[in-house]
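Heads up, the thing below is written out as structure tokens.
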Amino acid sequence: MPSVQIRSSPSHSQPAMTVTDLKQRVIACLNRLSDRDTLALAAAELDSIALNLSPETFSLFINCLQSTDSSAKSPVRKHCVSLLSVLSRSHGDSLAPHLSKMVSTVLRRLRDPDSSVRAACVAASVDMTTNITGQPFSILFGPMIETVIHDCDPNAQISAAMCLAAAVDAADEPDVEQLQKALPKIGKLLKSEGFKAKAELLGAIGTVIGAVGGRNSEKAVLDWLLPNVSEFLSSDDWRARKAAAEAMARVAMVEEELAPLYKKTCLGILESRRFDKVKLVRETMNRTLGLWKQLEGDSTEVSESSSSSKSASSGLSATSGKRSNTLKGKDRNLNTPLSSKSNDVEPLDRGDTPKDVEQEAVVSKEKRNRSTLGAKRVLFPAKMHKVKENGSNKSQVVQSSDEESPKTDSGSSSSSQAKSNAEELSLIRHQITQIEKQQSSLLDLFQKFMESSHNGMQSLERRVRGLETSFSVISTDLLVSRSITQNGNHKRNACRQN
């Protein structure tokens, strides 16, 4: 019986000892993270502990991570958040009862000034969203929205907006109603001077628009959203310009019914900003511009096609008017030249009179004067050649046809001039693009040169410090050896004197 009691008593006390040992082990590993020499071993041990936890020890482990002081070193703060990702990936929905505590642990690190800690918060938000699906999405989404809206710390604003965008983008089935309610709230922050993380907020807005996916969208939301977002296309911050272009691209992709209503305005804005000086922004602008051009219902294209059809129809009516006088034109500008043509041609059929000859001379003189124009030579070279070679009757007929359609000639010359202007603009744009590519390559080379020179300076400084250290050690050794030899000499001299 005593042996049974001895065996049974440790079995009852084993779980308590295991929990105590686990807590001490975790705290010891967290302390070892502060030392650069033991950082890798401590991180590996903590990852192993997180992988092998039981559901009874989840709360204890998360409490140890949450109790880490903000004054700890950056590797400690970063790895505490990274362990939440390890837990989420390895245990999944078993952590659903502890999700709110994990979210609060992430929220405590949003104010961290270290960007690596904020990046770990974003990764943890994604892992919790994708792997812990047993709880509503609002447990993670709600606190992030509140932090974005109410927190005045710039680091917290940046981190919360990034976590919000990453979580919404990673969620399989986000709560669309909550996203629609939150969109006007976070959209108002674009006009707030107290909110500094405008680029990250624009990214979050674009992600929310993509998650809603055009479901139950309201025109009133886009009426204020698109103008506010498009204002940041001319921002001084290139990240804000890029995020604004991405948000407008999301609108073009998901809002198939409402986006065409804003196509003309958005195309004009994007066309004016497509030649950005930053390569990433320029590429994003061009992609967004292509998406908006693919939308249907552009009033600009309709007006252009209608105007071109009108000009073509006017040209056809003028040509038919030359061949037949039976056409009843609808344009008043074409009726007058047709009547003048009939009046000029009838006397020629009956016989030339002196008055008609004078009119013919005046007409042919005007024709010769107008033939010297550059636009006329370019547009109608064959006709002018025929007029010069043929007789006076042919020149009269050509002159009457020219008088029939002065607007057709001017329209043709203006269209030719517009075409040449378009070709010149395309050539200028091509040259500007080449110059921008050369500038970007030069900037890349300059950055690489600066990085290499910086690395060289750092290595040189390390070598100089090493030389100084070795020199100080050598000088110290020399002083010690000299003092020893001097003391030995004094002792020898004293012994000799005695």
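Glycine too: its Cβ is placed from the backbone N, Cα and C atoms.
The annotation repeat 'HEAT 1' is assigned in Swiss-Prot to 56-93. Secondary structure of the repeat 'HEAT 1' (56-93) per DSSP, as helix, strand and coil residue counts: 31 helix, 0 strand, 7 coil.
A Cβ distance under 8 Å defines the sequence-distant neighbours of the repeat 'HEAT 2' (97-134), meaning residues of its chain 6+ beyond its ends; these are 58-59, 62-63, 65-66, 70, 74, 77-78, 80-82, 84-85, 87-89, 140, 143-144, 147, 151, 153, 155-156, 158-160, 162-163, 166-167, 170-172. What Swiss-Prot lists as repeat 'HEAT 2' is 97-134.
Taken from Swiss-Prot, the feature repeat 'HEAT 5' applies to 219-257. Only residues 6 or more beyond the boundaries of the repeat 'HEAT 5' (219-257), in the same chain, are considered here, and those with a CB under 8 A from a CB of the stretch are 183-184, 187, 190-191, 198-200, 202-203, 205-207, 209-210, 212-213, 265-266, 269-270, 273, 276, 278, 280-281, 284-285, 287-288, 291-292, 294-295.
Taken from Swiss-Prot, the feature region 'Disordered' applies to 296-423.
Here Swiss-Prot flags 343-366 as compositional bias 'Basic and acidic residues'.
What Swiss-Prot lists as compositional bias 'Polar residues' is 390-400.
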Secondary structure content, the repeat 'HEAT 5' (219-257) (per DSSP, counts of residues): 33 helix, 0 strand, 6 coil
